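TrEMBL has this to say about the protein:
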BINDING   G10, P11, A12, G13, A14, G15, K16, S17, T18  ATP binding site
DOMAIN    6-215  domain 'Cytidylate kinase'
Amino acid sequence: MRNLVIAVDGPAGAGKSTIAKIIANRLNINYIDTGAMYRAITYKCLKNNIDINNEEEVVKLAKDTDIDFRDNNIYIDGNILKEEIRTMEVSNNVSNVAKIKEVRYLMVDVQREIGKRNSVILDGRDIGSYVFPNADYKFYLVATPEERGQRRFKELKEKGYETTLEEIIKDIIKRDEIDSNREFAPLVKADDAIEIDTTGKTIDDVVESVISKINL
Ligand code: CDP
Ligand code: CDP
């Protein structure tokens, strides 16, 4: 099979990672969760008591961090990261880390390097618009903020997190705003991306819509 790049972008909770993981399995290609990279840097900053608003310090930490993906898992400095990057504390801070241009340069280099070597599906905010403007396929998933909040709430409840629907909706609306309005590589639908409104749709419905557009 030729080297394939599939971009899946959209706002928080639109279903990008869920759909991208299933498609990766179906097509037997790699899956890269680019949001996990920004979350990992944020997590490391918080753990090291680095002030997220101190760009210089955050960039220095990012430069000193080794990020890798193996078997669809993210590793920083050789250690696997799982649920610790999904907390509300990380969610509340990640967009302020991700708006730093130098941090993005570092993450995008890793993403492009992986895409050069492997067939890959990546989910994020700027994959189709900036990281891989020549991707073979580009999808842009959307859903209403209420539905995205409900989905995330259900997921976090099931994992045992103490949180409220209001807090989650507030977080995703705030992140969407910072992500859409940042100066460099904001959240935006690429002109040639296929937009799929996932509101009221099951995961299977969305997977089928995506798969039906891919000709191998
Ligand atoms: O899964 P969820 O939608 O909550 O977020 P995520 O995909 O894990 O991304 C977390 C944050 O990382 C986003 O809110 C963005 O601020 C940032 N991000 C980004 O700026 N660019 C990407 N390609 C991926 C994520
Ligand atoms: O990666 P992103 O933030 O776009 O969303 P996600 O983490 O893949 O999905 C958020 C939650 O919505 C997950 O618990 C999914 O099971 C659920 N969901 C979905 O992804 N797609 C639907 N059509 C319905 C529910």
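Glycine residues also receive a Cβ, built from the backbone N, Cα and C atoms like all the rest.
Because TrEMBL annotations are produced automatically, they should be read as predictions rather than curated entries.
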Handout entry: Lowest local Cβ density among A12, A14, which the record lists as binding-site residues, within 10 Å
Key = A12
Problem - For the binding-site residues G10, K16, T18, the one whose C-beta sees the most other C-beta atoms within 10 angstroms - result: K16
Problem - Filtered binding-site residues, from G10, A12, A14, whose Cβ is under 6 Å from an atom of ligand 1 - result: A12
Practice task
For the domain 'Cytidylate kinase' (6-215), would you mind checking the mean pLDDT of the predicted model?
Solution key: 96
